[in-house]
């Protein structure tokens, strides 16, 4: 099933002017009558969700998500994806191209086949062999996940460096990008929702809760106490990790966060962290443009 919520859980509203670091901007636009004829699809395959965005002439026309399902065949994904595009009045023949980042190898080729079936395009797959524009300085560069690479690419393309990039999905990942745009390393920890599930499943008396921030850190009941630990605890963890990263990287000019839990947690950080739900898609689009400019 697919959701028409924009990435990050916000209602679809693409009238926002998103300003780049260099002063240029692009406009989210969901008005079909104002669209250009050709669209580039960006697809981020995560463990929980597949996030899909469509770009036209540098403008993000739509952003949505479907559930990651390893049991689906290519034709089933083709039906889901074509249904989304139909909702936004985009015909398969109007797809110029596509690019995929994936941390779920089992379905990467399945989604690629789906794109070929309904749009007739051969998608790029994000790897370090593409002209990413970023370096990778870790022990085994091939171990850097495509999602982390895409986040670093977006940070270099759109924001002042050095940057600390936070991705709060199934896992919470923090990436250090130095002033030259090189990934210097990553920290990985259990995600907010995984941590909450473990807390509920591992105890007899604690039940599931809404992941909202409570009015105070010192909870007066079980729900408040759990919400405090989940939301404020995650925010404090991010604050602490930012300080540790900056002690090694130097002061960061950009702190930017993305992912499903970031919109809940980031507003409660003591540091000023920008929440950009489309960061990974922005990075994918940047690589797509660089790749085709190099042809």
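Quick reminder: no glycine exception, Cβ is built from N, Cα and C everywhere.
The active site, proton acceptor annotation in TrEMBL covers 147. The Cβ of residue 147 (active site, proton acceptor) has 28 other Cβ atoms within 10 Å, all protein chains considered.
In the three-state DSSP classification, residue 170 (ATP binding site) falls within coil. Annotation comment: TrEMBL describes 44, 45, 46, 47, 48, 49, 50, 51, 170 as ATP binding site.
When secondary structure is read from DSSP and collapsed to three states, residue 147 (active site, proton acceptor) falls in the helix class. According to TrEMBL, the substrate binding site annotation covers 145, 146, 147, 148, 222.
Listed in sequence order, 147, 148, 151, 173, 174, 175, 257, 258, 259, 262, 279, 280 are the same-chain residues at least 6 apart in sequence whose CB falls under 8 Å from the CB of residue 167 (K(+) binding site). Residues or ranges marked as K(+) binding site by TrEMBL: 167.
Reported as a whole number, the C-alpha separation between residue 46 (ATP binding site) and residue 146 (substrate binding site) equals 10 Å.
Look at the Cβ of each of the binding-site residues 48, 170, 222 and count the other Cβ atoms within 10 Å; the largest number goes with 170.
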